[in-house]
Amino acid sequence: MNWLAQLPTQRTPWLLFSGIVFLLEITALFFQYKMGLAPCIMCIYQRTAVLGLLIAGIIGTSNPEHRGVRLLAYSVWAVSSVWGFIIAREHIEMQTTTDPFAFSCEFEPNFPAFMPLHEWIPSFFAATGDCGNIDWQFAGLSMPAWMEVIFALFAATLFLLVTSRLMTKRSL
């Protein structure tokens, strides 16, 4: 347990975390540009949550020994993984509902007016797909179902790290 509690204070685990999250973003772009799967609004929101995880990893990598930096990284990690899980869950409900009027997909992402990411970087944040379509599956799970699993694993990992740190070090 002490080994696990020490991980957040080291740079290598944060780099590994950032690398894994970066690979998720690259995978999303591969699905979009090489496999021709058009991302929908919910996909873009999930992509944004993954970007939040990447930002958390970069923050943690910058100075993992500093408690304030770790707290900021933990916070961004928690918000991104929980928000991503909620968005993925809602996306699954959109795909599996039999009521065609239960959900509607917006035409463009609802980013804040001061930060219209879909206008600044349309190749990454523009949504061109339909939220109700299931265009890809692996092992019986759709893309949002896999993202739900991934976000849950990220949240569980954070919970495990924070809990072990609190139990052994009595500090974050």
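Here the Cβ of each residue, glycine as well, is placed from N, Cα and C on the backbone.
Note that the coordinates shown come from a computational prediction; the quantities given were computed from them, not determined experimentally.
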Next on the checklist: Among C40, C105, which cysteine does Swiss-Prot link to C43 through a disulfide?
Outcome noted: C40
Checklist entry - Based on Swiss-Prot, do T9 and E65 face the same side of the membrane? => result yes
Next on the checklist: Labelled transmembrane segment by Swiss-Prot, one stretch among 49-64, 129-144. Can you tell me which?
Outcome noted: 49-64
Checklist outcome for this item: Across the topological domain 'Cytoplasmic' (165-172), DSSP yields 5 helix, 0 strand, 3 coil
Item to check | For C43 (disulfide bond), nearby residues of its own chain (Cβ under 8 Å, 6 or more apart in sequence) | outcome: A28, H91, A127, G129, C131, M143, P144
Checklist outcome for this item: Sequence-distant contacts of the transmembrane segment (146-164), meaning Cβ under 8 Å and at least 6 residues beyond its ends, amount to 1, 4-5, 7-8, 24, 46, 49, 53, 74, 77-78, 80-82, 84-85, 88-89, 91-92, 138, 172
Item to check | C-alpha spacing of C40 (disulfide bond) relative to C105 (disulfide bond), in angstrom | outcome: 8
